[in-house]
Amino acid sequence: MTALWVIVLCGALSIVYAIWATSSVLAADQGNARMQEIAGAVREGAQAYLKRQYMTIAIVGVVIFALLAYFLGILVAIGFAIGAILSGAAGFIGMNVSVRANVRTAQAATTSLAGGLELAFKAGAITGLLVAGLALLGVTLYFIYLIHFAGLQANSRTVVDALVALGFGASLISIFARLGGGIFTKGADVGGDLVGKVEAGIPEDDPRNPATIADNVGDNVGDCAGMAADLFETYAVTAVATMVLAAIFFGSATPDQLQSVMTLPLAIGGICILTSIAGTFFVKLGASQSIMGALYKGLIATGVLSLVGVGVVIHQLIGFGPLPGVSYTGLALFECGIVGLAVTGLIIWITEYYTGTDFRPVKSIAQASVTGHGTNVIQGLAISMESTALPAIVIIAGILITYSLAGLFGIAIATTTMLALAGMIVALDAFGPVTDNAGGIAEMAGLPKEVRKSTDALDAVGNTTKAVTKGYAIGSAGLGALVLFAAYNEDLKFFIAQKSPYFVGVAPDFSLNNPYVVVGLLFGGLLPYLFGAMGMTAVGRAAGAIVEEVRRQFREKPGIMKGTDKPDYGKAVDLLTKAAIKEMIIPSLLPVLSPIFVYFAIYAIAGGGAAGKSAAFSAVGAMLLGVIVTGLFVAISMTSGGGAWDNAKKYIEDGHHGGKGSDAHKAAVTGDTVGDPYKDTAGPAVNPMIKITNIVALLLLAILAH
């Protein structure tokens with residue numbers, strides 16, 4: 001029991017760090033009146049959007065809460081509410097810091113690059129540590145409540161279902177935040193670029209463009225609030241799925257041993273919060289003035305400290321010796337943890353290779369832009385497809401090594417360790433929107449060239465960190481979903497062995513010569529494509545509306561271009577808020593309803609009865625794998641491809657192939673316009689979609705068993 005309270009203490013420390021860092025960020029200078037005015041507009045827009053988004057989610061949430069309470073009892077419904085509320089809180093607080101840090105970063109950059117870096121990173125670290133801390137506290141405190149105050153057995157079904165529902169609550173927020181935020185940010189970006197850069201020939205973040213404020217609002221709601229919700233969900237879901245597997249695999253152990261093994265994923269999360277906090281103090285500009293180097297110092301320090309920490313935790317909780325009822329040792333689990341950290345490092349490195357301006361892929365797209373728009377798009381698509389190969393091979397190796405060391409539980413521990421670094425990784429990601437906004441504010445407020453140089457350098461790195469963290473989010477989501485699939489499979493076996501009334505006579509057959517399995521695989525495989533298509537279409541529609549609006553303002557107020565009239569920024573923000581909220585509902589329900597639809601459709605087609613149930617459970621299981629396989633590739637190709645397109649444009653803007661305004665630059669802007677919704681809307685939203693499908697299947701089992 002003491003172990004659980006120590007974990008709570010670790011979670012509480014992350015909140016203490018966040019409070020300390022927030023006060024230090026808010027104490028910084030906010031710059032001149034013009035800068036504060038711009039930042040105020042961005043802040044207002046972001047808050048208005050989030051308020052509306054959360055109200056929409058709340059309506060859906062109340063319905064689901066009532067359904068869960070009816071089918072699975074109030075404890076499970078409360079778990080769902082905890083997951084949703086905490087996930088929403090992490091994104092909301094993080095974004096509120098981010099929209100206050102942007103102007104302070106721009107001001108700090110007027111004195112030194114190091115000052116700007118320190119402020120922007122600190123703002124990011126607040127979001128990062130809140131994500132890890134609140135996710136850990138939510139799962140741990142509810143687990144403590146269930147086993148100590150509600151008096152339930154650690155592996156009882158109510159505990160398992162309540163924790164799965166907590167993951168589902170986080171998932172629901174994350175798919176809405178990712179999709180809605182993505183539609184908003186890219187509608188503004190693409191629409192603003194098409195009229196501003198291409199038609200009117202004005203630079204990015206020019207105050208004359210009516211869509212600029214909306215674009216800066218979008219960075220915060222998409223990359224800060226959206227990413228926070230996404231990784232909060234993966235963190236919570238993986239911890240829960242690992243606990244579910246522990247409850248099943250170690251069912252024969254003594255209650256104390258069982259509790260120790262079930263606490264293990266939480267303890268790994270706890271120690272890694274401490275290592276992430278320590279890691280933030282390593283982020284300092286060195287003699288080389290490399291910003292990416294400074295950030296990587298923090299990441300590497302966190303990784304090395306985590307390696308030691310995870311070893312200590314496993315040794316203290318379960319020892320390195322043999323474990324009860326299974327064939328592997330505690331040492332093997334530690335080795336799986338090492339593999340998890342290695343996979344994290346490799347995926348980050350590979351993503352940087354595909355999206356950084358120093359490497360072949362981005363340079364090849366820039367080179368292709370010289371010959372025109374078509375060749376830019378062709379090369380970009382080629383890179384987006386190529387970028388899936390190496391991450392997939394790394395994930396394959398990770399699965400094979402950990403499975404040979406400690407079976408399915410080994411894969412789960414590796415994934416847990418990978419996710420335990422989420423605090424540091426989200427910090428790198430949330431650094432992005434702060435620097436992006438700082439650059440926008442510096443441009444709009446007309447700050448001197450040398451300040452723009454500093455903010456541009458920070459922003460370029462921010463773009464890379466955003467891409468890199470997306471790679472990590474997808475890899476961990478794929479592995480997390482695999483752990484959830486294992487939980488589905490083991491849960492199914494458990495209910496059949498327990499002879500639950502509904503499961504009598506059920507014998508699922510996952511062999512590939514079962515046509516229902518093939519049908520399930522194909523159905524699961526189509527979901528990420530359909531979902532991605534809905535996301536891309538939504539951005540296209542939103543961008544179209546913005547193009548019309550910006551053209552209207554230029555037409556009706558000719559003084560805008562001369563600088564005598566002020567554009568109406570609020571109109572674009574309002575238009576996008578409505579569009580994003582409307583467009584996010586239907587795609588978000590796709591992964592929630594699919595498993596239920598497949599189950600009952602196949603059950604009816606296969607003739608009902610025990611045979612129908614067997615066919616339906618096999619089809620749903622296969623569907624989950626189908627979603628994981630294609631989802632992983634769709635998400636990686638979209639995020640890496642989109643990131644490469646974006647940075648190819650930046651590479652040309654840095655003075656290669658004719659620089660800004662050249663024909664190559666115009667072609668690169670086209671590529672970037674395609675890459676934007678790829679990397680910031682459809683790609684990242686596939687993550688939560690993969691996990692929701694798996695979680696709904698787990699809850700479906702629980703509901704049928706009741």
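Using the three backbone atoms N, Cα and C, a Cβ is placed for every residue, glycine included.
D436 is the only one of D429, D436, D456 that Swiss-Prot places in the Mg(2+) 2 site (with N216, D219). Together with D672, D676, Swiss-Prot lists one candidate of D574, D646, D654 for binding Ca(2+), that being D646. Tallying C-beta pairs under 8 angstroms between the transmembrane segment (616-636) and each of 83-103, 300-320, 414-434, 516-536, 685-705 places 516-536 first. For the transmembrane segment (330-350), same-chain residues at least 6 beyond its ends with a Cβ under 8 Å from one of its own Cβ atoms are 264, 268, 299, 303, 306-307, 310-311, 314-315, 318-321, 323, 387, 390-391, 394-395, 397-398, 401-402, 405-406, 409-411, 413-418, 421, 468, 471-472, 475-476, 479. Ranking the recorded positions K679, K691 by how many Cβ atoms sit within 10 Å of each one's Cβ puts K691 at the top.
Spatially, the transmembrane segment (467-487) is not adjacent to the transmembrane segment (62-82); fewer than three Cβ-Cβ distances between them are under 8 Å for residues at least 6 apart in sequence. Of all the binding-site residues listed (D436, D646, D672, D676), D676 has the fewest other CB atoms within 10 A of its CB. Counting C-beta pairs under 8 angstroms (sequence separation of 6 or more), the transmembrane segment (263-283) fails to reach the transmembrane segment (685-705), with fewer than 3 such pairs.
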